[in-house]
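These come from Swiss-Prot:
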- 118: chlorophyll a ChlzD1 binding site (BINDING)
- 126: pheophytin a binding site (BINDING)
- 198: chlorophyll a PD1 binding site (BINDING)
- 215, 272: Fe cation binding site (BINDING)
- 215, 264, 265: quinone binding site (BINDING)
- 161: site 'Tyrosine radical intermediate' (SITE)
- 190: site 'Stabilizes free radical intermediate' (SITE)
- 29-46: transmembrane segment (TRANSMEM)
- 118-133: transmembrane segment (TRANSMEM)
- 142-156: transmembrane segment (TRANSMEM)
- 197-218: transmembrane segment (TRANSMEM)
- 274-288: transmembrane segment (TRANSMEM)
């Protein structure tokens, strides 16, 4: 009797690595996009934390007046930020090896570029990873489409806007008060509140919040009773159950009578598509608006648009907003220019809309 032993061919290390990377059985899916996403997001996070805590002041305006943003230099969680790279650097790519020393790199705000480039690349890979996992599970690709809205917004404020303005010093600072400063200056220079695409974004965000609250409250109010009065309603649902957990007919009837019939969805699929599409489209438009304002295609200008029969200006709310814009423009970067161009180029503007009567 003879026995034949057949040696099993072993898969190569690369084949086993590929199988592990693309396996949907892992607790957390990695995927090929994840191979790039993980190191880039780790690098961005590590640099952000270190810079937020200990980075030295940055010469953001390029006029040798450094601005401190880290905790060690006296800031707190609210006032602290990773300060954008210097206006002296402009749009130049500024990695560590381009600086003469590490001190120079820190002084010119090099950490800001390191963080935003790795962050944007990592977020883009996260979007690709969403698509990749959906593809491998046989799902439709709309999750990554929805995620493209916040990714477009981040790309607009961190990359497109600095490119349009000619310097990464105009990018959004990485901090709470820095974000507010960016918003105020953006309004002063571009009148974003009167830009139609920003208005669509406001409708998308606030409308999405409203619709989410309406949907959640309607579903919670029309749950199918599966528990007693002494048990939590949440015990009435078992993960993976085939039965509906709420009565969509009851919810449809309630909302249809509360407003009118056709204001209520009678199709669960179209309802949830609407809940996803409304805020996503709104945020898309805002990102597009910021990207156009980056190249100074600004919001509407209704300044001094109402005049009387003798040609005198009748002040409107648009003129009040314009005064606020001018004030904000004067206050920011106050040492970087001799006189704000918006004020120097226009006619003399009185401080008050009407001169007060002084009885002395």
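Keep in mind that glycine also has a Cβ here, set from the backbone N, Cα and C atoms.
These numbers come from a predicted model, not from an experiment.
Locations of recorded Swiss-Prot features on the structure.
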residue : record                                      : Cβ neighbours (10 Å)
118     : chlorophyll a ChlzD1 binding site           : 20
126     : pheophytin a binding site                   : 19
161     : site 'Tyrosine radical intermediate'        : 22
190     : site 'Stabilizes free radical intermediate' : 22
198     : chlorophyll a PD1 binding site              : 22
215     : Fe cation binding site                      : 17
264     : quinone binding site                        : 18
265     : quinone binding site                        : 19
272     : Fe cation binding site                      : 12
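Here the transmembrane segment (274-288) has long-range neighbours at 142, 145-146, 148-150, 152-153, 155-156, 197-198, 200-205, 207-208, 211-212, 215, 265, meaning same-chain residues at least 6 beyond its ends whose C-beta is under 8 angstroms from one of its own. Across the structure, residue 265 (quinone binding site) and residue 272 (Fe cation binding site) place their CA atoms 10 angstrom apart. For residue 161 (site 'Tyrosine radical intermediate'), the nearest neighbour among the listed binding-site residues (118, 126, 198, 215, 272), judged by C-alpha distance, is 198. Nearest Cα neighbour of the residue listed as 'chlorophyll a PD1 binding site' among the listed recorded positions (190, 215, 272): 190. In sequence order, 214, 218, 251, 252, 255, 271 are the same-chain residues whose CB sits within 8 A of the CB centroid of 215, 264, 265, the residues recorded for quinone being left out.
Taking the C-alpha atom of residue 272 (Fe cation binding site) as reference, the shortest distance to any of the recorded positions 118, 126, 190 belongs to 126.
According to DSSP, residue 265 (quinone binding site) sits in a coil region rather than a helix or strand.
The maximum pairwise C-alpha distance among 215, 264, 265, the residues recorded as binding quinone, is 11 Å. When the recorded positions 190, 215, 264 are ranked by how far their Cα is from the Cα of the residue listed as 'pheophytin a binding site', 215 comes first. For residue 118 (chlorophyll a ChlzD1 binding site), the spatially nearest entry among the recorded positions 190, 215, 264 is 190, judged by CA separation.
For the pair residue 264 (quinone binding site) and residue 215 (Fe cation binding site), the Cα-Cα distance reads 11 Å.
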